[in-house]
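Reviewing the structure listed below.
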Amino acid sequence: MENIMTLPKIKQVRAWFTGGATAEKGAGGGDYHDQGANHWIDDHIATPMSKYRDYEQSRQSFGINVLGTLVVEVEAENGQTGFAVSTAGEMGCFIVEKHLNRFIEGKCVSDIKLIHDQMLSATLYYSGSGGLVMNTISCVDLALWDLFGKVVGLPVYKLLGGAVRDEIQFYATGARPDLAKEMGFIGGKMPTHWGPHDGDAGIRKDAAMVADMREKCGEDFWLMLDCWMSQDVNYATKLAHACAPYNLKWIEECLPPQQYESYRELKRNAPVGMMVTSGEHHGTLQSFRTLSETGIDIMQPDVGWCGGLTTLVEIAAIAKSRGQLVVPHGSSVYSHHAVITFTNTPFSEFLMTSPDCSTMRPQFDPILLNEPVPVNGRIHKSVLDKPGFGVELNRDCNLKRPYSH
């Protein structure tokens with residue numbers, strides 16, 4: 001009988017945070033909205049709060065960056081560690097150290113699905129349909145996958161069954177698709193700046209932005225709009241048709257997450273050939289099943305918010321069963337290792353975090369070390385050939401551990 005590798009148990013889980021409401025703004029990291037002044041990501045982008053004039057100019061004005069970065073580290077009995085980052089800050093630390101720890105410590109490093117189900121079941125009474133608790137669970141789940149990969153000496157994508165393509169090709173999200181084209185990306189996604197409270201004038205302004213970028217980028221470069229939950233179905237439908245002459249590839253997250261009937265109506269009324277996409281702020285497997293049933297073209301879960309890699313794999317299966325694409329929202333290496341194994345993810349998103357989109361800055365800078373960025377719009381699978389997720393934690397980021405157990 002052949003010997004089977006003996007896997008260690010998990011000795012301890014620890015949680016830190018950095019940035020957030022108690023820190024100077026601009027920490028970046030897992031909370032990538034937390035950027036300094038004069039950054040495109042905080043420049044009059046339409047949001048659900050834009051209808052209030054006091055909060056329309058800046059997303060930070062209503063507190064988009066108050067949570068900060070959560071760092072979860074799991075240590076095995078043999079001393080090896082895995083870690084991950086997400087957006088949950090100090091409150092996420094409390095959930096990990098005071099509640100979730102009991103489901104993690106003492107388990108085998110391979111017991112990821114068991115731990116995941118126990119975390120979901122135990123928090124159901126206060127987690128609702130996602131949000132902060134799901135961000136925290138996602139971070140733990142990713143840290144467990146990182147540890148498992150390091151213990152067995154394999155990259156996470158090989159733990160999932162291996163790559164189905166040699167490289168990942170990317171589109172860029174940011175304010176300058178024209179610069180993204182020069183960098184080799186296949187497309188550029190811009191934020192909208194106006195919403196229903198601006199009336200038809202807002203539609204004309206955002207459509208003019210698309211027209212300007214179409215002229216700069218040429219006919220074959222993808223252009224998309226990210227509406228960040230800021231619209232209603234009538235406004236979104238009118239905006240989609242206003243942008244149709246400029247070959248807009250898709251219109252994204254026009255509506256709040258739970259407005260499934262409105263998503264179904266938007267898909268039904270959108271211009272022929274224009275895709276409707278959403279999912280970034282959906283936080284449970286069940287919500288993605290319902291979203292899939294609306295008939296949208298692409299589901300866009302964030303692996304750091306939807307329940308982690310364990311849930312992302314299940315979401316991809318739901319999408320595949322309906323002939324839909326799954327293209328995760330940003331998330332750097334945590335997405336890379338997943339999507340290179342998905343047959344229904346022909347491309348992925350790279351979020352431009354440099355202030356003016358003119359340089360290639362890693363998404364989670366400075367919290368991750370050795371975080372890869374696309375070269376000519378692509379990342380080859382060989383770049384991912386390191387144990388776990390292949391990145392290291394930058395412990396010089398003023399990490400604070402407010403709780404212990």
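Keep in mind that glycine also has a Cβ here, set from the backbone N, Cα and C atoms.
Over in Swiss-Prot, the protein carries these features:
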ACT_SITE  H329  active site, proton acceptor
BINDING   H33, R59, E349  substrate binding site
BINDING   D226, E252, E280  Mg(2+) binding site
SITE      D302  site 'Increases basicity of active site His'
SITE      E349  site 'Transition state stabilizer'
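Structure with Swiss-Prot features highlighted.
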| residue | record | Cβ within 10 Å |
| --- | --- | --- |
| H33 | substrate binding site | 19 |
| R59 | substrate binding site | 22 |
| D226 | Mg(2+) binding site | 24 |
| E252 | Mg(2+) binding site | 25 |
| E280 | Mg(2+) binding site | 22 |
| D302 | site 'Increases basicity of active site His' | 25 |
| H329 | active site, proton acceptor | 23 |
| E349 | substrate binding site | 24 |
Report, in whole Å, the straight Cα-to-Cα distance of D226 (Mg(2+) binding site) from R59 (substrate binding site).
-> 14
Cα distance (Å, whole number) from H329 (active site, proton acceptor) to H33 (substrate binding site) | 14
Output field, Mg(2+) shell: CB within 8 Å of site CB centroid, site D226, E252, E280 dropped = K189, C227, W228, E253, T277, S278, Q300, H329
H33, R59, E349 bind substrate per the record; greatest CA separation between any two, in Å, is 21
As a whole number of Å, the Cα atom of the residue listed as 'active site, proton acceptor' is distant from the Cα atom of D226 (Mg(2+) binding site) by 11
E252 (Mg(2+) binding site) versus D302 (site 'Increases basicity of active site His') - Cα distance in angstrom = 14
What's the CA to CA span in angstrom from E349 (substrate binding site) over to E280 (Mg(2+) binding site)?
-> 12
